[in-house]
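Notes follow once the structure below has been shown.
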Amino acid sequence: MKNDIEIDWQKIDNIISKYNANHEALLMIMHDIGEIYNYVPQQVIPVLVDRLGVKESLIYSVATFYKTVSLTPRGKYIISVCTGTACHVRGAEKIMGALEEKLNIIEGQTTEDRLFTLDSVRCIGCCAAGPVVNVNKETHGGLDRSSVLEIINEYKHRAS
Ligand code: FES
């Protein structure tokens, strides 16, 4: 997957300035950049190193530790399949399998068109509605194979 996108450096500058180039705000800054591009593009890393005075290794550590920031392209829609115990018992594995098949990716990957990223998550607190899937901030419960595929079609439709 290509990782070279056009960066709006003014926007990057605005984000860094908003936090007064404070190195303690690194996670927030990476978050805000992710809001624009769905990930933190590689070209931005040297700028963060320079402006915030942080080590490049710290940026990689933050991206590894926090699932909410990524250094590789993420989809417009992040699908998080709950694999907590209650959802597991109610068939989360089948839901994950159906999504992997439909999107032609495996967990952790992003579709070529950058529309979907498939992830798993541990209990999102709606166990009674399991199996549950979050798509960005929207929660869908009581799913089976066909209803989860309908949901994907709906997001595809929204994006077109
Ligand atoms: S186990 Fe899935 S919401 Fe709790």
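Cβ coordinates are placed from backbone N, Cα and C, and glycine is handled just like the others.
Positions annotated as [2Fe-2S] cluster binding site by TrEMBL: Cys82, Cys87, Cys123, Cys127.
Apart from Cys82, Cys87, Cys123, Cys127, the residues listed for [2Fe-2S] cluster, the same chain places the Cβ atoms of Thr83, Gly84, Thr85, Ala86, His88, Ala92, Arg122, Ile124, Gly125, Cys126, Gly130, Pro131, Val132 within 8 Å of the centroid of those Cβ atoms.
The Cβ neighbour count for Cys123 ([2Fe-2S] cluster binding site), using a 10 Å radius over every protein chain in view, is 15. Look at Cys127 ([2Fe-2S] cluster binding site): DSSP puts it in a helix.
Cβ neighbour count for Cys127 ([2Fe-2S] cluster binding site) (all protein chains, 10 Å cutoff from its Cβ): 17.
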